[in-house]
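Quick one: structure below, then a few questions.
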């Protein structure tokens, strides 16, 4: 008998294929393979505990790679800070990183939010031609929205 978890993963696999979401497709396939070869009991807890941190580390490596390769150096940084657009980008990068930090805590403390974020991302990609920016920023935005709703509720509650 196929478990509910496997059926859910197969549904996500179909959605990933329909939405042409490569990241979701790879993630679902990796998890299904781990489950089917019987090492899920050992691997899944590790992913749950360390997965987000490892993912953030990989993203950070990708962001720092142009510095390591020499594509971005002090000269480019100096040129960039002379542009008003660069200052907007710098501020945006700071804000997004701070929002995403709140998302990490939300994902760790409220794992069912991950499912809603994945479904929202899939919907946006499949229906609205959106871009999957990842669950951290989505969780961060959700966290901020929840805090604003709580704050507004304190006036009317």
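Each Cβ is built from the backbone N, Cα and C atoms, and glycine gets one as well.
Model, not experiment: these values are computed from the prediction.
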According to Swiss-Prot, which listed range is transmembrane segment: 1-21, 22-42?
1-21
Near the transmembrane segment (87-107), which same-chain residues lie under 8 Å Cβ to Cβ, leaving out any that are not at least 6 residues past its ends?
52, 56, 81, 113-114, 135-144
